[in-house]
Structures are given as C-alpha cells and as structure tokens.
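To start, the structure itself, in structure tokens.
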Ligand SMILES: [Zn+2]
Ligand SMILES: [Zn+2]
C-alpha cells in the first residue's frame with residue numbers, strides 16, 4: 001500500500017496554512033527536540049547501569065513525568081486542541097502549565113501543528129505522517145523517523161497560528177503563557193532540582209534530581225509523546241474505520257496515559273475518552289471524569305455509543321482493520337468533515353455546544 005497522495009517534495013498545504021521557519025529557529029528545534037533528548041537518554045543508560053537511580057530521584061522523576069504527560073494529554077491535546085471539555089480558569093491555567101513542563105513548545109504552536117495533523121492525517125499536508133515516503137521497508141522506516149522527530153528539523157514551514165488557533169490567540173491567558181514559555185521551561189528543570197535539594201538537603205541531591213527528574217524525564221516524555229505520531233500511525237489494531245492509519249498500541253497507551261488509543265481519537269477527535277473499548281485503560285479520561293465530578297470541568301464530550309457502533313469494523317477475523325490503510329476505509333468513513341478542523345467564528349468544529357453535548361454514560 002502506498003499513499004500516492006504524497007507528491008515528491010513538500011506537499012502543498014494551501015493558502016496561509018503554514019509559515020516559513022527561520023534557520024535559527026530550526027536549529028533551536030534541532031537542539032531541543034532532537035539532539036538533546038537523544039544525548040540525555042544515551043547518558044542515562046550508563047548512569048543507571050553504573051550508579052543506579054535512588055528512590056528519591058525515582059519519585060521526583062515519576063511525579064514530573066505524570067505532570068508532563070497529563071499536561072499534554074488532558075491540557076494541550078484534549079482541552080486546548082480539541083476542546084473535548086471546558087473547565088474553570090484555575091484548572092485551565094494549571095493544565096497549560098503542566099503541559100508546558102513537557103517542553104514540547106508553547107501551547108499555540110503545539111495545537112496548531114496538531115490541528116493540521118488531524119485535517120490531513122496521513123495525506124499530503126500532514127506535518128508528520130510515517131507514510132510520507134511510501135510503505136516499503138526502508139521508506140516506512142524513513143517515514144517513521146520523520147514522524148517521530150525528523151520533521152521538527154526538516155520542515156521548512158510551521159502551521160500558522162493565525163490560521164489554526166485563532167481561538168487560542170484571542171485568549172489573554174494563553175498569550176501570557178506563550179510569552180512566559182521560557183520561564184515555564186526553566187521551571188521544568190528548577191522544580192525537580194529544588195525538590196531533590198530540599199529533600200536531601202544536599203547539592204548532590206539537587207544535581208541528581210535535576211538529571212533524572214529534569215533531563216531524563218523530559219527526554220522520555222518527548223519520545224513517549226512522539227510515539228503516538230510514529231508508532232500509533234503505523235502498527236497496532238484499527239477497530240474503527242478511519243481514512244488514515246491511526247491505530248491502537250497498548251504499550252504506547254500505557255506510557256501516554258491513554259493517548260495510544262489513537263484509532264478512535266481520529267474518528268471522534270473531540271471525544272474526551274480515547275480508550276473506548278473494553279480493557280482500554282485511559283487514565284487521562286479518568287482524571288477528566290474526576291474534574292467533572294469536582295465541578296472543575298464541564299461540557300465534557302463523552303463517547304456516543306451510536307457513533308461507536310456505526311464506525312466499528314465488523315467483528316471476527318480482521319477486526320483490527322490493520323493494513324486497510326486510508327484507501328481501505330469503508331464507504332462513508334470520511335463522514336464529510338475534517339475531524340481536527342479548527343473552529344470558525346467561535347463555533348466548534350463539530351456542531352458546537354449549543355447542538356447538545358453528548359451525554360452518553362461514560363465508562364469511567
Ligand atoms: Zn494522529
Ligand atoms: Zn488529536
């Protein structure tokens with residue numbers, strides 16, 4: 001299966017959907033998003049082998065990991081990108097800060113790229129499809145490297161924030177957060193360092209916590225997040241019909257706290273729950289449910305059983321749908337809309353709140 005939709009060279013993305021990136025900025029992306037995490041992980045292996053990681057640093061690293069991944073999954077992705085739920089201002093700011101801890105960029109930049117990914121998923125215009133170069137062994141390997149981290153540096157253009165996230169650009173809290181992003185990034189390292197120093201009351205404790213809870217944690221968080229783009233668009237089950245190659249990969253879902261249940265997410269991007277089938281644990285959806293019960297989140301879009309049934313691939317052998325590819329999607333699967341399409345004129349991509357928030361009983 002080859003995606004012929006990808007022409008040689010940079011796909012045409014349409015008018016003003018992308019903006020050029022300067023060489024200086026691409027170099028920053030190369031260092032922060034590609035080189036530094038790989039070097040850190042390379043250093044972590046002998047460090048863990050030689051000295052091991054103590055319980056204090058392990059606790060700090062795990063807590064920072066959970067904050068970062070939940071911040072991306074619940075904040076950047078489900079709330080800011082797809083508006084799967086609304087929430088009160090303190091929670092919204094906390095989610096933005098938590099997402100910032102992952103060091104994956106300001107929320108507007110992340111969101112703009114991801115909305116474009118949904119609009120063009122695995123077709124020309126997708127910023128990070130693993131199928132970009134074809135489906136033969138080497139081409140797919142090259143495509144996966146591109147989808148994982150390669151595109152950060154190779155892309156000569158970025159999704160235009162004015163085009164993709166006008167709703168966020170109009171939000172004063174978001175603008176303040178974007179402006180303060182360098183400070184948030186610094187906090188992502190200062191917090192674990194301070195926790196380690198104060199906990200151990202030693203400089204050594206500070207430095208080891210900075211290494212494990214700051215550097216190594218950020219490197220792991222990055223590669224875990226990027227696995228959704230590379231692995232969960234290549235391997236795994238596809239129990240729902242989609243026009244792209246989004247799939248479910250259990251270990252990616254485990255590490256991303258629910259984001260690896262990526263197949264349903266491409267069917268219904270605005271749904272607050274990604275793991276919708278039996279046995280698909282989705283801690284991010286669970287937390288949103290708790291926020292809802294506490295009254296901090298509202299207007300939550302839970303799965304619609306009728307939609308689930310309608311998009312389910314027939315039971316029996318081949319249920320996974322793997323290998324069907326975008327062109328293998330069944331009739332009517334594209335549903336005539338762009339799942340990740342940003343709002344226009346303040347209206348939601350799909351219907352809008354006034355059209356009724358689906359209130360199907362959640363599986364949480
Ligand atoms: Zn995707
Ligand atoms: Zn998404």
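Every residue, even glycine, has its Cβ placed from backbone N, Cα and C.
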Worksheet item: Pick from 28-52, 128-152: which stretch is listed in TrEMBL under transmembrane segment?
Response: 28-52
Fill in: transmembrane segment per TrEMBL - which of 179-199, 200-220
179-199
Discussion item. If you average per-residue pLDDT over the domain 'Fatty acid desaturase' (60-273), what number do you get?
Written reply: 96
Worksheet entry | Cβ contacts under 8 Å made by the transmembrane segment (58-79) with residues that lie 6+ beyond its boundaries | 85, 87, 92, 95-104, 107, 110-111, 114, 188, 191-192, 195-196, 199, 209, 212-214, 216-218, 220-221, 224-225, 255-259, 272, 283-284, 287-288
Practice prompt. With a Cβ cut-off under 8 Å, give me the same-chain residues at least six positions beyond the ends of the transmembrane segment (91-112) that come close to it.
Written response: 32-33, 64, 67-72, 74-76, 79-81, 158-161, 163-165, 168-169, 173-174, 177-178, 181, 184-185, 187-188, 191, 218, 221-222, 225, 291, 296-297
